[in-house]
Amino acid sequence: MAQQYQPGQRWISDSEAELGLGTILAQDGRLLTVLYPATGDTRQYSLRNAPLTRVRFSPGDQITHFEGWKLTVREVEDIDGLMVYHGLDGQNQPRTLPETQLSNFIQFRLASDRLFAGQIDPLSWFSLRYNTLQHTSKQVQSSLWGLGGCRAQPIAHQLHIAREVADRSAPRVLLADEVGLGKTIEAGLVIHRQLLTGRANRVLILVPENLQHQWLVEMRRRFNLQVALFDAERFIESDASNPFEDAQLALVALEWLVEDEKAQDALFAAGWDLMVVDEAHHLVWHEDKASTEYSLVEQLAQVIPGVLLLTATPEQLGQDSHFARLRLLDPNRFHDLAAFRAESEHYRPVAEAVQELLDEGRLSPKAHATIQGFLGAEGEALLAAVSDGDSQASARLIRELLDRHGTGRVLFRNTRAAIQGFPERELHPYPLPMPEQYRDLPAGEHAELYPEVAFQAQGEVSDDERWWRFDPRVDWLIDTLKMLKRTKVLVICAHAETAMDLEDALRVRSGIPASVFHEGMSILERDRAAAYFADEEFGAQVLICSEIGSEGRNFQFAHHLVMFDLPAHPDLLEQRIGRLDRIGQKHVIQLHIPYLQEGPQERLFQWYHEALNAFLNTCPTGNALQHQFGPRLLPMLEGGDSKAWDALVAEAKGERERLEAELHSGRDRLLELNSGGAGEGQALVEDILEQDDQFALPIYMETLFDAFGIDSEDHSENALILKPSEKMLDASFPLGDDEGVTITYDRGQALSREDMQFLTWEHPMVQGGMDLVLSGSMGNTAVALIKNKALKPGTVLLELLFVSEVVAPRSLQLGRYLPPAALRCLLDANGNDLASRVAFETLNEQLESVPRASANKFVQAQRDVLAKRISGGEAKIMPTHVERVAEAQRRLAAEADEELARLTALKAVNPSVRDSEIDALRKQREDGLAMLEKAALRLEAIRVLVAG
């Protein structure tokens, strides 16, 4: 044993192949010392069981000298235990290369190289590699890729918009859904799908400063997107020449950006594929002048290919403001406001005719004439079929009209009236007496709306004099919570100080378990607070949130909402109710509103309830009414004549009813149909729910965790705790937290427990783990004993896995046409391929592991035979590879040609189809076909099977 090792010999570590070639330094008693020059590491091993494999190359192998030149081996000589290789260099000159001068950086990654170098992996790893290939192949072809992994209930109109927009090259669209319909989720889905498919690599998100945190939370929690939040401090402190270039996704406040010219210059220079602008209706534009914010976004939109604008509904904004948004998307198409107004009027009668067809199932003579005038001679046959009662013809007619709709491809707008599934609301007001302590408070911003804040600001008071000792709203809250025991209650107040004080009050005065949630807490602390509230068995009954702290959070598992105070703007009121009032809420929303009489709180309640009707219904006119009546409203909240107050409320109510009637009459059902997807979105919902019910992912992940040394243990129903074990294989495994993480595969659980990771095929942990398997050599060699009575002992079968590989930009999405599915070959001694007769799973059940030393010994003895069979296997599988590539080219060409024909025909009737979109698709077709032509067959893995 001692003579097996000689100083200067080259060996490779079985457990740390990344160290490169090792050199024997010394053998001292029972210890062996090995230097790994590539990394500078030294290891000592026990002589008895050193995990090392001797590096021996054979004639035909190509090896590398430490100076970089290569040698093709012709002859191998053993001189005193050291290998000397003779052969030809790159200039075909005879040279000699002693093993002591081999490159230290040689790593055996190719399956055949590793097999013959004795680097044989556990049997389970080979199965893991095969299954990883199969799952990757299935996912990249899935129509749900980028849509199914969002931590949200799948909703038809959101999925339809996301797929329609994200599947375009450099989409430029306006998302103008009514409040509560999920514009942020739609934008997140578009971003996520574009990133996963490679259509976009760098995304810029511009938002108002007060929405930055909400976007950060939404992108991270729902989509696992790590967004870099930029502000003046981060920008100044960065050492990079351009701080934006380091961020794949940047979140920037527009208010800061317009004030900082250096940041603007850096932003323009960074290069982006997609820009998302939230609250785009605040960008002010008039025909003769534009605001600084509008001009900045306009300049960015001229250099960034893809643009998503999130905005209020067109009816809320008015036509001129709506035109200003469309002008940002396509200034060539929308260049003349007067022409746009005329075009909009042109479409209105058509939309009304469609409304009639939908409501009545038939067309009146007037509606018939309107549509005939719009479609011309092409539509006569279709209209005749509709008149005969053909329902399929009606559907085709609506599709034809949708295709011709002036803004149908650039504007998506859903309304609550068109979308089903929202809960009802019930209002419970509680007028309470004004405490004496609040009657003479010092003046301040909204001091009497939030008297507890003004009271506390007067200075330190004893514990017995704190505001929550005398404020009747606190007594009412304690009584209400006791009455609603075992029912989850969300309490929202305007200020973080109030939220923290209320937690103290409940703990001291009632012992009711409460969780608090405010902007002073870290995201992790908020997650824990939300999880404590969500826990049905041991969690808090009540969660007390501040206004800002609750932004972007979903608490729809609760249906009781207490507004401890009222916000100063109707949009904030709607945001509060929106924490619970979402599609999928199973209960009637119970709104509990305590307010202090004889002051601003009482009048603000009356304003929201009687003037705006904002408690029982969404208030799309709230912002416009606040803008119109705000200057008169604010002074009257503080006091004033009751008759004048009643008159103001009545006037505002009348104006609201007038605006709502305008909104209703202006509804464009044609646009709503296009935005809702006319059934296509529902099919996506059903596919996602079906995928959720499958067990393929949990089964696969358990094998992945086992292979990488990740321990999993039960946390609770549908939840697991993952922790790195002492035998963790790779520290780069994307666990997310070195201490451990809690996961669930259940969507419902993930929606109520935001502290848990929601694992889907799209999750970074899943994708990162799969990448670690396929990007390295893990599992690409194995040797096993096969127990089968039909096989004579000693019979050798060779199982080969090949992959058709195409190297191309991800944006071409060639994986959809040529996925990395394993091409499997199972060769017997005569070179016959048995793969079609023996399935992978069937074969797996008959296999047993072989000790590595025995496996290596067998492989070395059979090296020449196995090498010959591997070459024969490649020849066997090549025709299948050629056919797969040809089929991929046929599918790509057919899909691209169909879409090109559709867009070209559409452009003839709808000017919203951009030439650049058609040109990009045509180029993508050409590039994709050219790249597929270069697809190569690669040996992915080898398994040697010996009958026993």
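Glycine is no exception: its Cβ is also placed from the backbone N, Cα and C atoms.
Annotation comment: Swiss-Prot describes 164-332 as domain 'Helicase ATP-binding', evidence class sequence analysis. The ATP binding site feature in Swiss-Prot is assigned to Asp177, Glu178, Val179, Gly180, Leu181, Gly182, Lys183, Thr184; the stated evidence is sequence analysis. The motif 'DEAH box' annotation in Swiss-Prot covers 278-281. As annotated by Swiss-Prot, domain 'Helicase C-terminal' applies to 473-627, with the evidence given as sequence analysis.
Cβ neighbours of Gly180 (ATP binding site) (same chain, under 8 Å, six or more residues apart in sequence): Arg416, Phe422, Glu574, Gly578, Asp581, Arg582, Thr618. Apart from the site residues Asp177, Glu178, Val179, Gly180, Leu181, Gly182, Lys183, Thr184, the chain places the Cβ of Glu186, Asn414 no farther than 8 Å from the centroid of the site's Cβ atoms, the recorded ATP location. Per-residue confidence over the domain 'Helicase ATP-binding' (164-332) averages 90 (mean pLDDT, predicted model).
Broken down by DSSP into helix, strand and coil, the motif 'DEAH box' (278-281) contains 2 helix, 0 strand, 2 coil.
Of the binding-site residues Val179, Leu181, Leu181 has the largest number of other Cβ atoms within 10 Å of its own Cβ.
DSSP assigns Lys183 (ATP binding site) to a helix. With respect to Cβ neighbours within 10 Å, the binding-site residues Asp177, Glu178 differ, and Glu178 shows the lowest count. In this structure, Asp177 (ATP binding site) belongs to neither helix nor strand by DSSP; it is coil.
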